[in-house]
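Read through the structure below, which is laid out as structure tokens, and then see the notes.
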Amino acid sequence: MPKTPLLGITEGDPAGIGPEITVQAIHNMADDRSFIPIVYGDPAIISRACSVTGLSETVRRVTSEEHIEPESNVINVVDTGTVPHADSIEWGSVQELAGRAAIASIEAATDAALSGKTDGVVTSPINKEAIWKTGSEFLGHTEMLGSLCGTPDTDTMFVVSGLKIFFATRHMSLREAVDSIRRDLIDHEIHKALRALKVFGCNSPKLAVAALNPHAGEGGHFGTEEIEVLRPAVKSACAEGHNVVGPVPADSVFHKGVIREYDGVLSLYHDQGHIASKTLDFDGTVSVTAGLPILRTSVDHGTAFDIAGQGAASPMTMQSALHVASDFARFVPVIREEYLPSTGRN
């Protein structure tokens, strides 16, 4: 019988809702025997989160991932030693100490997954400004994890309603994103997406490339990127034997993906894919980082400083991230073989 996956959960920015949704998700999923949770962070912060959410869970400081078993009303925490006193962190504001705590949590959880002590990492939201206050220059989780794992060429993959959504560009202005739509980029992103689809269980994946312009450019009347860049890239991938279609108008491509015409969609810029996924299922959208030698899933929302500390945040996205991680844990051997720098094909 396969062993139950041990999933490491980061506490996120302790000034935000990360600790709250973490403890609530663990509480709500206590009867879910498909995974065992372990939190990386500060016990004082996790205890405070239990208090503001009205939970009576015992927060247990542990020093090792060994012999962790599911236990009712107990949250096991590997102490990263950054915030010994919860009142050092003020709810709902950008603080350097909170940034340092978030980084320490990510580093500890990543190290545990890399060494095989856990089967995956599930990340709570962080605040980029707090991270930058520490002197870090990472744009976010994905870049930090890529650096820690030695695999900087990662790919964000949203899992929503059975569809996998990829991004050719992400954290840049819309103007920069449009200027970035070049043949070399699209060729590269198509192959990365196809590779990820195979790693995550699609043996013969069908990928759609979203169009950039209205009506896929309407024969060049509304833009020429489809003619000059996207269509040639799709044609080249097909010539290599891949099942790639497009460019498909963006107002229909995601719907077609949900009804299983495609396994994945390559969106061209941040909001093109985000708007689609969050409209399809706001609480059920889960971010997966493909290209890492570890399994990493994440909630797809921010720290919500405006409601932090009130016990008002919904844990549904964290529960979705845990559910996807427990399901995808079966792919961990393939993930390591494919993406580990010393053995993979990066």
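Including glycine, each Cβ sits where the backbone N, Cα and C put it.
Among the candidates ARG260, ARG296, the residue that Swiss-Prot annotates alongside HIS141, THR142, LYS278 as binding substrate is ARG296. Swiss-Prot lists HIS215, HIS270 as divalent metal cation-binding residues, and of the candidates HIS85, HIS171, HIS301, HIS323 the one it assigns to that same site is HIS171.
Sequence-distant contacts of HIS215 (divalent metal cation binding site), defined by Cβ-Cβ distance under 8 angstroms and a gap of at least six in the same chain, are PHE222, PRO249. Comparing Cβ neighbour counts within 10 Å across the binding-site residues HIS141, HIS171, LYS278, ARG296, the minimum falls on HIS171. On a Cα basis, ARG296 (substrate binding site) lies 19 Å away from HIS171 (divalent metal cation binding site).
Neighbour list (THR142 (substrate binding site), Cβ cut-off 8 Å, at least 6 residues apart, same chain): THR154, THR156, THR289.
According to DSSP, ARG296 (substrate binding site) is assigned to a strand segment.
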